[in-house]
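Here the structure comes first, spelled out in structure tokens, and everything after it is commentary.
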Amino acid sequence: MENSSKENTQLFLKNAVLSMDRSSSKSESSASKEKATFCGGIKIFLGALSFVYFAKALSGSYLKSTITQIERRFDIPSSLVGLIDGSFEIGNLLIIILVSYFGAKLHRPKIIGAGCLIMSLGTFIIAMPHFFMGHYRYEIFSSSSNSTVSISPCLQDRNQITASVLEKSQGKIYAGCVQTVAIIGPIFGFLLGSLCAKLYVDIGFVDMESITITHKDSQWVGAWWLGYIIAGSISVVAAIPFWFLPKDLPRPEARKDSSTSSEQSKFITDDNRDHHVTYPEQVKILEMAKDFLPSLKSLFGNPVYFLYLCSSVIQFNSLIGMVTYKPKYIEQQFGQSSTKTNFVIGLINIPAVALGIFSGGLIMKKFRLNVLGAARLSLAASFFGYLLLLLLFAMGCKNADVAGLTISYQGHPQASRYEPTLFSECNLGCICSKNEWDPICGENGITYISACLAGCKMSNGSGKSMVFYNCSCVEITEFSSRPSSAVVGPCQNGKECPQMFLYFLVISVITSYTLSIGGTPGYILLLRCINPQLKSFALGIYTLAIRVLAGIPAPVYFGVSIDTTCLKWGSKRCGGQGACRLYDSNAFRYIYLGLTIALGTMSTLLSVAVLIVLKKRYIPHNESIVTSGQRGTTSAKNQTDNFVNSDHLIQTTYWPEKETRL
């Protein structure tokens with residue numbers, strides 16, 4: 001009986017163990033399936049979201065790369081181009097606060113998908129004017145096709161045909177993935193801009209053999225519209241996956257009891273049918289609306305948040321204005337083509353920004369900087385970044401020698417915006433238009449606005465190979481004592497200009513890297529200084545302020561300021577002032593860099609104020625905050641309404657439009 005009892009006991013234990021093993025294996029199998037489902041869902045969502053970031057960044061950066069192309073194509077000043085660029089942000093004003101405040105209760109994937117479709121529609125609309133307007137026309141000297149017969153550009157008989165004609169021509173690891181792709185987007189955006197700028201604007205609609213200018217010519221307009229069609233198509237593709245994603249992603253069993261942020265718990269849930277309803281989901285829309293003003297008051301009552309917001313707004317005014325007109329600055333200051341300019345920005349400047357962002361996060365992690373350290377790092381990056389910009393004042397090219405504008409016809413330096421200076425004794429016998437812009441390069445190294453104003457009596461050849469002879473204004477200069485010739489196109493702007501351009505690129509890359517280092521710690525400071533319940537709302541207000549007070553006005557007043565440096569305005573075919581043909585290089589440099597540095601200095605001073613307030617409210621040794629009116633310290637846990645220092649809030653290293661900040 002004893003042996004039988006032992007056998008029964010052993011059999012029972014064996015069966016129990018087997019049962020437990022089977023139960024355990026089933027549990028593990030179930031958990032692994034749930035984990036696989038979750039991982040598969042989150043990976044699909046992250047992949048789709050990353051592609052959206054890429055599409056958005058590509059569209060935004062491509063818009064920056066086409067500024068000068070649009071200006072030339074439609075004969076509009078920089079101020080109007082700036083307004084067009086600023087209007088890119090206007091659409092955000094209508095919904096950004098509503099989405100950030102009420103968005104948690106809506107179907108987020110479908111909202112993102114709808115946003116992508118709207119973005120693609122807007123991108124297509126930008127390209128539409130190309131198909132509704134006539135072919136691009138540029139000013140060239142007229143001659144018989146494939147003819148070597150001499151024609152006089154300098155008309156001395158009013159019955160002759162006009163010398164200038166217009167020729168027709170046709171969880172944290174996840175956020176890192178998203179932000180990495182967001183950095184890649186601008187690189188492809190500017191490279192796409194470089195490619196399209198090399199293609200003629202009416203490619204596919206005209207005979208390319210009839211085009212007598214190249215992409216290096218000042219009158220060249222690239223196929224700006226083509227990039228918008230490509231960018232819009234990418235946005236459409238990016239929208240497709242979001243229409244097939246569920247409203248919420250299931251959370252694996254192992255994480256059901258884990259603490260997550262309120263934002264995450266609203267999107268990644270256990271089960272839509274029986275999940276625990278949290279307080280924010282029980283509140284009605286009207287009750288949420290009643291809490292709007294108190295929440296807003298709480299945010300602006302936080303001195304750290306308010307000062308940092310003001311500092312960021314001013315800094316983004318500086319950065320947005322600088323980036324918007326950086327391609328134009330390089331083209332006008334160093335005589336580079338749009339193709340090369342966009343290529344350089346996309347392949348050199350933007351990677352420097354990405355490296356700076358990464359370095360900022362690495363420094364924060366390696367040295368385990370607290371919120372005070374983050375503020376100091378952000379301030380130091382801004383200070384040294386704008387200090388480096390001062391060096392660019394000395395890295396510019398002198399004004400091109402253009403007779404009647406930057407120098408006199410006798411070769412003496414001048415900078416005049418008065419049209420009477422376009423005429424001289426050497427071309428008084430010619431009937432020339434003061435509005436035409438068809439520059440030629442004299443043998444003496446001086447650029448003339450047109451062959452007529454250069455007093456040229458003869459021409460030979462056609463198109464790009466045309467040569468002008470017996471130019472009376474060229475031969476009277478002190479640099480030449482014999483009758484000189486001239487060729488089509490402006491003269492090169494000195495031998496030192498290419499070297500200056502290399503110096504500019506080096507300093508520009510270092511400056512971009514330095515300024516970008518402060519992005520990550522600055523954003524961490526923003527997240528840690530607000531109540532976690534107001535995080536989404538605070539970020540919405542922050543983004544709205546950047547777009548309204550910086551994204552819209554900065555390109556406009558930068559453009560207006562740049563227009564004041566114009567020496568020669570073009571004329572529209574229908575009458576009125578067109579785009580600027582020639583800028584005063586020195587004035588352009590002082591205006592462009594001066595505005596950037598002045599705004600940066602104001603932003604840096606406000607950052608100093610942020611640091612001072614932080615020192616008064618925060619003690620790094622015990623992570624506590626000193627409130628006003630208290631002599632001792634108060635636990636940070638009891639002051640979370642004023643200041644929050646929790647690492648789980650750091651879920652991204654993104655700030656608005658960082659992908660286009662150079």
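Cβ atoms are placed via backbone N, Cα and C, with glycine included.
Under the heading transmembrane segment, TrEMBL lists 35-55 (among others).
What TrEMBL lists as transmembrane segment is 76-99 (among others).
Counting only same-chain residues 6+ beyond the ends of the transmembrane segment (111-132), those with a CB under 8 A from a CB of the stretch are 49, 52, 55-56, 59, 63, 74, 91, 99, 103, 201, 224-226, 228-229, 231-236, 238-243. Annotation comment: TrEMBL describes 111-132 (among others) as transmembrane segment.
The transmembrane segment annotation in TrEMBL covers 173-201 (among others).
The feature transmembrane segment is assigned by TrEMBL to 221-245 (among others). Residues 41, 44-45, 47-48, 51-52, 54-56, 58-59, 62, 65-66, 69-70, 72-73, 109-110, 112-117, 119-121, 123-124, 126-127, 129-131, 136, 138, 189, 192-193, 195-201, 203, 215, 338-339 of the same chain lie 6 or more positions beyond the ends of the transmembrane segment (221-245) yet place their CB under 8 Å from a CB of it.
According to TrEMBL, the transmembrane segment annotation covers 305-323 (among others).
Proximity of distant same-chain residues to the transmembrane segment (343-363), defined by a Cβ-Cβ separation under 8 Å and at least 6 residues beyond the stretch ends, is recorded for 61, 65, 179-180, 183, 186-191, 193-194, 326-327, 330, 336, 369, 377, 381, 505, 508-510, 512-521, 653, 658-659, 661-662. The transmembrane segment annotation in TrEMBL covers 343-363 (among others).
Per TrEMBL, the feature transmembrane segment maps to 375-395 (among others). Sequence-distant contacts of the transmembrane segment (375-395) (same chain, six or more residues past either end, CB-CB distance under 8 Å): 315, 360, 363-364, 369, 500, 503-504, 507-508, 510-511, 514-519, 521-522, 525, 589-590, 593, 596-597, 600-601, 603-604, 607-608, 610-611, 614.
Among the features that TrEMBL reports, domain 'Kazal-like' is placed at 420-475.
Under the heading transmembrane segment, TrEMBL lists 500-527 (among others).
If you look up TrEMBL, you'll see 539-560 (among others) marked as transmembrane segment.
Nonlocal intrachain contacts for the transmembrane segment (591-614), taken as residues 6+ away from its ends with a CB within less than 8 angstroms of a stretch CB, comprise 303-304, 307-308, 310-312, 314-315, 317-318, 321-322, 325, 329, 371-372, 375-376, 378-379, 382-383, 385-386, 389-390, 392-393, 525, 558, 561-562, 564-565. Feature annotation from TrEMBL assigns transmembrane segment to 591-614 (among others).
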Tell me the residue counts in helix, strand and coil for the domain 'Kazal-like' (420-475), as DSSP assigns them. 13 helix, 15 strand, 28 coil
